[in-house]
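Chemist: What follows is a single structure, and I will ask about it in a moment.
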Amino acid sequence: MQDPDGIDINTKIFNSVAEVFQKAQGSYAGHRKHIAVLKKIQSKAVEQGYEDAFNFWFDKLVTKILPLKKNEIIGDRIVKLVAAFIASLERELILAKKQNYKLTNDEEGIFSRFVDQFIRHVLRGVESPDKNVRFRVLQLLAVIMDNIGEIDESLFNLLILSLNKRIYDREPTVRIQAVFCLTKFQDEEQTEHLTELSDNEENFEATRTLVASIQNDPSAEVRRAAMLNLINDNNTRPYILERARDVNIVNRRLVYSRILKSMGRKCFDDIEPHIFDQLIEWGLEDRELSVRNACKRLIAHDWLNALDGDLIELLEKLDVSRSSVCVKAIEALFQSRPDILSKIKFPESIWKDFTVEIAFLFRAIYLYCLDNNITEMLEENFPEASKLSEHLNHYILLRYHHNDISNDSQSHFDYNTLEFIIEQLSIAAERYDYSDEVGRRSMLTVVRNMLALTTLSEPLIKIGIRVMKSLSINEKDFVTMAIEIINDIRDDDIEKQEQEEKIKSKKINRRNETSVDEEDENGTHNDEVNEDEEDDNISSFHSAVENLVQGNGNVSESDIINNLPPEKEASSATIVLCLTRSSYMLELVNTPLTENILIASLMDTLITPAVRNTAPNIRELGVKNLGLCCLLDVKLAIDNMYILGMCVSKGNASLKYIALQVIVDIFSVHGNTVVDGEGKVDSISLHKIFYKVLKNNGLPECQVIAAEGLCKLFLADVFTDDDLFETLVLSYFSPINSSNEALVQAFAFCIPVYCFSHPAHQQRMSRTAADILLRLCVLWDDLQSSVIPEVDREAMLKPNIIFQQLLFWTDPRNLVNQTGSTKKDTVQLTFLIDVLKIYAQIEKKEIKKMIITNINAIFLSSEQDYSTLKELLEYSDDIAENDNLDNVSKNALDKLRNNLNSLIEEINERSETQTKDENNTANDQYSSILGNSFNKSSNDTIEHAADITDGNNTELTKTTVNISAVDNTTEQSNSRKRTRSEAEQIDTSKNLENMSIQDTSTVAKNVSFVLPDEKSDAMSIDEEDKDSESFSEVC
């Protein structure tokens, strides 16, 4: 059909739409006008029955921008135009419905048909091999989904199916756009059953897919897009917040600057307390400054402003009595907002009415001002030491001497609050200013009285001991006071037991007297018997007194001791209290045991009996105290190493843990002086103990402490045993330990630090790495071929990953404090040679391929040892000739061989050049010497003789060349492949021939320095520098 001008309407529609697209790609400025024109064109086309033509040409023109790259601004402008056009049509329909405008079915149908056909048309490119087309298609779908309300169910299913595929596209840019599309299909109600969905469920859920992307996608940008667009509710929030441990810096920072900031006050109520503490700790301790600053800004500005600047309320939300990160959080707040400090005051009336938050704030502000030398705040807000001791004593009396509280639950709550307040005041008191002697004595009295309380909690015991140490005149004074407190507690308990026994005996006597009064007629006989016994006792007493008076007493001292009543012992609970105080005291003592007799007496009376005690808790505390004493005296450590080893071998889990800690500490302090000697424990026995602990995966905590301790001892070169070190590395890669995250984390940090800290450490790794690799290859093969269904085949790393890790650890370029000799280091070459030596022992072709394909990660340099490079080349040639390799392995091995050949040629050329330079230098020196020694005629004679000698040398050289040519001919005739052993035999024979030739030349050189005789006035000159000295001696 044509218009009155004779132009085809279909063509006119194309020209009109094309003109709009042409103008729209130039700038965003006229898009509103272009959208109005497009709407007018569409309405006219529909009126004239050309709806399909408009849709066709619209689709056709949009298709033109699909191959454009991501950075092409023209494509982005057309995409914005399409999104704005569809949004405008949708907006008109919504506005008409709100104004109760009666829409015809045709008006709604036009819009729905246009959107339906356009999305279906665009989806045809979602499987395109061109990454740009896939990107533009999903970009269009993402902006369209933002601007439409409802779509057909069949179209919805088609979209979900397509997006489900594109979320795993190989291009990150495409996956990001797929994430943007999926976020439009999230259903908040579906997240309630997020964890109950199965992977094979046909009804695909967008939220579950986004959760999978946020956890597993390798691209940081894709994870970021999923994190920022995932619904934030109780079910999805843990997956969002775990991005605080993302490997990408930006993702970690956005958790604090976007996610938590957008939650506002909901953070304190919607996030679980332990997760909340972890987020603060991770943010403030992040290795990147930008992440730390984002976390500080969140605490000091966003959260504080959300709470209207109420610092006390912020501390309440942080739950200072429970949380362990509040100290770091409040320090970050003071650093970011120093203006807050000047606004905080502690009036006199508040000191007797501390709350948990105020007590914590007092401690935090005092320590912050002390660390940062803010003396004005210290002088204005904080009392003198004597006043502080009064306040501390006030709360101690409230906690331990207040018995008027009737409500048990309220009493429990008050007790915890008071203990926390006492702890905060004590922490501040440890570093308080005690220049006033009155204040020091007052605080010391309060602290000693507090430590004498038997009901004191362990945290208060610990801080109380530390405060007493800071108040002591010297360490001897501190030990004296601490042991006095321990002895007083024990003596009080024994005295209390004696009093209780006296009371019991008095009650028994009263009962006996009552029973005597109520006796019947048989009582007369009993009275007679009692009278006889009393008479016997009186007579024996008189005889004993008489013997003593007359000096006839024959009673021995042993009899007296045996007749003494047994010594009372403190109760188990009291022993635990004493051991707890002594352990915290010993942690602060540095004086050798030989100079402190009080600790030696404490060993005899408290610690040694505790180690022999059968109660587990007492024995564990006794071993801990014994270990702390061993750190003060090497002889004591030597004497008790066997006991500590037995505790590790035979004790329960907690005793093993403590004993392992003690053994590691003893080695750290005293080194190897405690083993391998007369009366000492054998070091091999201790190594076996560590070996057994590392192999026992039933005690993961003990594995961790053994691994960390061994790594420290190896790092300090206290332990140097290769077998034990090999056990450490094998434990790291063992699949049995893959679930022990603490152990794997300890190894992942300690092993690289050890290898890169010193060349000797890297050499130890190189010596053991080949055997480690072989063992792990065998283990991996057994794991993969296992028929047991419970075996997790993914629990162990593949051999190629392990090989890469070992190469990385033995790379000399990774050493700290590198010197110029790093390029000459052959430690990695030695490891690779060892690997090629054991290559034949590996039976699995798959494992061989894994090793060969990663062999080129080795560091090669022309400055490395020539013989080592030559040996590596020989083993590589041997494998290439005798092993049946696939193309990939062959190419990798050929690359290594080519690199080695080029390096060897370079070394040879450099050696030849250096030899020539040395010869030239030597000739110049000899010429100057000869010129000074002989006249011109003698020099002419010498030159003539030198020519003759050169001719002889030329003949000798030709002979050598002929010999080598014959050898080459022989080698070519025997063209079969030689084994490694045959090649070594041939090399040996060649070396013998060369030696004989060299011997001949040596004889010639030795004879060369002879003065000319009568028959010949010629004399040859040797090339060695040292021969000039011989010549001068002869002259």
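Each residue, glycine too, has its Cβ placed from N, Cα and C.
Owing to the predicted nature of the structure, the values given are computational and were not obtained by experimental measurement.
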Chemist: So one of Ser389, Ser766, Ser928, Ser981 should carry the feature phosphoserine according to Swiss-Prot; which one?
Modeler: Ser981
Chemist: With respect to Swiss-Prot, which of the residues Ser162, Ser601, Ser1008 bears the note phosphoserine?
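Modeler: Per Swiss-Prot, the residue annotated as phosphoserine is Ser1008.
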Chemist: Swiss-Prot tags one of Ser540, Ser786, Ser933, Ser964 as phosphoserine; which one?
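Modeler: According to Swiss-Prot, the phosphoserine annotation belongs to Ser933.
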Chemist: Look through Ser198, Ser867, Ser937, Ser1020 and state which residue has the annotation phosphoserine in Swiss-Prot.
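Modeler: Going through Ser198, Ser867, Ser937, Ser1020 one by one, Swiss-Prot annotates Ser198 as phosphoserine.
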Chemist: Cβ under 8 Å to the repeat 'HEAT 3' (201-239), counting only same-chain residues 6 or more beyond its ends: which ones?
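Modeler: Apart from its flanks, the repeat 'HEAT 3' (201-239) reaches 160-161, 163-164, 167, 172, 175-176, 179-180, 182-188, 190-192, 194-195, 246-248, 250-251, 254-255, 258-259, 262-263, 270-271, 275.
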